[in-house]
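Written out below as C-alpha cells is the structure these notes cover.
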Amino acid sequence: MATGSHTTTLLLAVALLGLPWPQEAGAFPAMPLSSLFANAVLRAQHLHQLAADTYKEFERAYIPEGQRYSIQNTQAAFCFSETIPAPTGKDEAQQRSDMELLRFSLLLIQSWLGPVQLLSRVFTNSLVLGTLDRVYEKLKDLEEGIQALMRELEDGSPRVGQILKQTYDKFDTNLRSDDALLKNYGLLSCFKKDLHKAETYLRVMKCRRFVESSCAF
C-alpha cells in the first residue's frame, strides 16, 4: 500500500473509530496539528448531521406539517446560546481568533452534555435510536478534541469564565403531552443550530490554517 494511502486510512480510523486524543503535547505518538483539526471537524460534522436527522425524524413523527412554520418562528429566542457573543456565521467567525472560536465551540458542546442524556428515550421506536444512545459519548469525544486543540494553541491569554448563565432543560420523555412535544421540538432545533455553529467555527479555523480545496462551504 502506498504511504499516502496508509496515512489517509490511519487518520480516518482515528476519526471514525473514536480513538483517544493525545492528552499532552509530548504524548506518543504525536499527532500533527492538521490531524487534530481534521479529526475535530469530522466529529463535528457527524454530530451536526445526527442533530439535523434527529430533528427531521422528530418533526416527521410528531409535528403536523401545517404547524411547523409557525412553531419554528417562535423557537429562535429560546436558544440560550444566543445569549453569548459568539459569531452567527462563517463571515463573522473569520473575524475571530482561533482561541476565541475554540472557546465558543467548547461552551456550545458543554451546554448539551446534560440535556442529551435522555435523548435516546425520546426515540424509543426511531430509526435513529441506534446512534442516539451514544450521543453523549460523541459529545464528550468532541469536547476532548477541542480541549486538545486549545492545549496546542494556548496563546497565554486569560481564560474566559463561564459565559452561558443558563443551560438547556433535559428532553421530556412524556410524548403524550403536547407541551412536552413542543419543548423537545424546540430543544432539537437549538441542538441542531448549536452544532452547526461549532462545526462552522472548526471548519473556518482548519481552512485558514491549512489551505485546501474543500474550504468552500
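Residue numbers in this text run from 1 along the chain shown.
Even glycines carry a Cβ here, placed using N, Cα and C.
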Member of Cys79, Cys215 annotated by Swiss-Prot as disulfide partner of Cys190: Cys79
Among Cys79, Cys190, the most crowded of the disulfide-bonded residues [Cβ within 10 Å]: Cys190
Rounded distance in angstrom between the Cα atoms of Cys207 (disulfide bond) and Glu199 (Zn(2+) binding site): 12
Cβ neighbours within the same chain of Glu199 (Zn(2+) binding site) - under 8 Å, at least six residues apart: Val41, Ala44, Gln45, Leu47, His48
Alpha-carbon distance [His46 (Zn(2+) binding site); Cys79 (disulfide bond)] in Å: 21
